[in-house]
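Asks: Below are the features listed in Swiss-Prot for this protein:
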type: COMPBIAS; residues: 1-15; note: compositional bias 'Basic residues'
type: COMPBIAS; residues: 124-143; note: compositional bias 'Acidic residues'
type: REGION; residues: 1-29; note: region 'Disordered'
type: REGION; residues: 115-150; note: region 'Disordered'
type: REPEAT; residues: 157-197; note: repeat 'WD 1'
type: REPEAT; residues: 221-261; note: repeat 'WD 2'
type: REPEAT; residues: 267-307; note: repeat 'WD 3'
type: REPEAT; residues: 311-351; note: repeat 'WD 4'
type: REPEAT; residues: 358-398; note: repeat 'WD 5'
type: REPEAT; residues: 425-464; note: repeat 'WD 6'
Amino acid sequence: MGRNVKTKAKRKNKKKAEASSSEIPSIPTRVWQPGVDTLEDGEELQCDPSAYNSLHGFHVGWPCLSFDILGDKLGLNRTEFPHTLYMVAGTQAEKAAHNSIGLFKITNVSGKRRDVVPKTFGNGEDEDEDDEDDSDSDDDDGDEASKTPNIQVRRVAHHGCVNRIRAMPQNSHICVSWADSGHVQVWDMSSHLNALAESETEGKDGTSPVLNQAPLVNFSGHKDEGYAIDWSPATAGRLLSGDCKSMIHLWEPASGSWAVDPIPFAGHTASVEDLQWSPAEENVFASCSVDGSVAVWDIRLGKSPALSFKAHNADVNVISWNRLASCMLASGSDDGTFSIRDLRLIKGGDAVVAHFEYHKHPITSIEWSAHEASTLAVTSGDNQLTIWDLSLEKDEEEEAEFNAQTKELVNTPQDLPPQLLFVHQGQKDLKELHWHNQIPGMIISTAGDGFNILMPYNIQNTLPSELPA
C-alpha cells in the first residue's frame with residue numbers, strides 16, 4: 001500500500017554533466033516556489049528526507065474526501081518511534097454502492113529521533129555534529145521493509161460518497177458521516193476497532209471484506225446534502241450538521257440515541273461549509289458559508305446568529321477554532337486566502353490579526369495545532385500543505401546575517417511570509433488534514449491519490465521529549 005512520495009526539496013536535472021564537479025563552479029541552490037517557478041524539460045522535484053522526522057505515503061483504494069484520527073489508549077505526547085495510530089475514513093467511489101467507511105490501524109510508523117534544532121546557524125564543527133546526530137535513528141538499522149508502515153483495515157458499507165466523517169472526541173468509536181445522498185448517519189465502530197486492536201493480521205494489506213452494519217441513527221431531515229459537521233468537545237454526544245441549503249441542525253444525545261431538533265438554525269444565505277464548536281463555551285458554535293460570512297451562535301438564544309461578519313470576498317470553505325487560545329478563529333476561502341481573527345475584537349471593528357495570500361487556489365482544510373497555540377496547518381487546491389507559526393516575525397538583522405552566511409549555498413526568496421514554517425508537496429488534489437492530538441508534530445493528510453503521514457523536522461524542537469533535561 002505504500003507509494004513513493006515526491007515533495008518540494010531541490011531541483012534535479014536529469015541531464016548528465018560532461019565536466020567533473022571539480023571543474024564546475026558552485027552555484028547556489030534556488031528555492032523552488034510552486035505557482036511561481038516552472039519545471040523545465042528533464043527536471044523533476046524530489047523529496048529531501050532530511051526535511052522530515054517521518055514521512056510515509058499510502059493509498060486505500062478509492063480516494064477519501066474526509067477522515068479523522070481516532071483517540072486511543074496508547075498514551076499522550078508520544079515521541080518514541082515507531083508509532084501506532086488509528087483513523088477512520090470515508091471513500092469517494094465511482095458508484096454509490098461501492099463506498100465504505102474504513103477503520104484503520106497503522107503500525108510501524110518509523111522515523112528519526114534528533115537533537116533539538118540549533119538556535120543559530122552554527123559553524124562547520126556544529127554542523128558536522130548535527131549531521132552525525134541526524135543519522136542516529138530508531139529505524140536506521142535494517143532493510144527498507146522494516147521501515148514500511150503496516151496497515152490493517154476493517155470496512156463498513158456506506159451507501160453514497162462520504163462527504164465528511166468525524167469521530168466523537170470523548171468516545172472515538174462513535175463516528176458520524178455526511179453522505180452525498182443527503183443522510184447523516186451515526187455509527188458504533190467499537191467491534192471493528194476492538195478486532196484491529198487485538199490482532200496483528202486482521203484486515204492486513206487491505207484484504208478485509210466490506211461488512212454490512214446498520215447505523216445507530218439515520219437522519220434524513222436535511223433538504224440537501226452537506227459537508228459541515230462537528231462534535232462538541234465539551235458535551236459528549238452533542239452534534240451539529242449543516243447542509244447546502246444553509247440550514248444547521250442540533251443533535252442532542254438521548255437514551256442511547258439522538259434527538260435532532262427539527263427546527264434548524266437559519267442565518268446564512270448559501271451553503272454552510274463548516275462548523276466548529278467553541279472550545280471554551282459549551283453552548284457556542286461558529287459556522288462559515290458560501291455567502292462569504294462567518295457566524296457565531298449561542299444555542300440558548302434562539303435560531304439566529306449572535307453575530308455575523310463578512311470574512312472573505314469569496315466562499316468561506318473551512319474554519320478552525322483554536323483549542324489552546326479560544327479567542328482565535330481561523331478561516332480559509334475559495335480565493336486561496338486565509339485569515340485569523342481575535343473574536344474579542346469583533347464588535348469593536350477590525351478583528352483580523354493575520355491575513356495571508358500565499359496560496360493561489362482554494363483553501364480546502366485548516367487546523368490549529370493541538371500542542372502549539374500559534375501554529376496551524378493549511379491545505380490548498382494548489383497541492384501544497386503549509387505550516388505556519390504566527391509567533392514568528394521578520395527580523396531584518398537576523399535575516400541579513402543568515403543571508404550572508406548562506407548566500408553561496410542558497411538563494412532565498414525575499415517575499416516569503418516570515419510565518420511560513422514548512423511547505424509539503426507530493427499529493428494531488430489535497431482535501432483534508434489533521435494533527436495527531438497524541439503524537440506532537442504529526443500531521444496526516446488525504447488527497448485524490450492517497451494519504452501522507454508527515455512529521456516536519458523544523459517543528460520537532462517543540463516536542464517535550466526533545467528538550468534538554
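Residue 1 is the first one shown; counting continues down the chain.
Cβ atoms are placed via backbone N, Cα and C, with glycine included.
Relative to the rest of the structure, where do these features sit?
Replies: Summarised as a single figure, the pLDDT of the repeat 'WD 1' (157-197) averages 98.
Listed as Cβ neighbours of the repeat 'WD 2' (221-261) (distance under 8 Å, sequence separation of 6 or more from its ends, same chain) are residues 163-164, 166-171, 174, 176, 178-184, 186, 268-279, 281-282, 285, 287, 289, 291, 297, 299, 323.
Within the chain, the repeat 'WD 3' (267-307) has long-range Cβ neighbours (under 8 A, six or more residues past its boundaries) at 226-235, 238, 240-248, 250, 313-323, 326, 329, 331, 341, 343, 346-347.
Within the same chain, residues 233, 270, 273-280, 286-290, 292-294, 296, 357-370, 372-374, 376, 378, 380-382, 390 sit at least 6 positions outside the repeat 'WD 4' (311-351) and bring their C-beta atoms closer than 8 Å to a C-beta of that stretch.
Mapped onto DSSP classes, the repeat 'WD 5' (358-398) shows 3 helix, 17 strand, 21 coil.
Counting only same-chain residues 6+ beyond the ends of the repeat 'WD 6' (425-464), those with a CB under 8 A from a CB of the stretch are 3, 5-8, 34, 45, 47, 50-60, 63-69, 71-72, 74-79, 83, 85, 87, 89, 106, 109, 111, 114, 116-117, 149, 364-365, 367-372, 375, 377-381, 383-385, 387.
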Asks: What residues elsewhere in the chain lie close to the repeat 'WD 5' (358-398), defined as a C-beta under 8 angstroms and at least 6 residues from its ends?
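Replies: Beyond its ends, the repeat 'WD 5' (358-398) has Cβ neighbours at 34-35, 77, 315, 317-325, 328, 330-338, 340, 417-425, 427-437, 440-441, 443, 445, 447, 452, 454, 456, 459, 462.
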Asks: Run through the repeat 'WD 4' (311-351) and tell me, per DSSP, how many residues are helix, strand and coil.
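Replies: Breakdown, helix to coil: 6 helix, 17 strand, 18 coil.
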Asks: Excluding the flanking five residues on each side, which residues at least 6 beyond the ends of the repeat 'WD 1' (157-197) place their CB within less than 8 Å of a CB in that stretch?
Replies: 64-72, 86, 88-93, 96-97, 99-101, 103-105, 203, 210-213, 215-220, 222-231, 233, 236-237, 239, 241, 243, 258
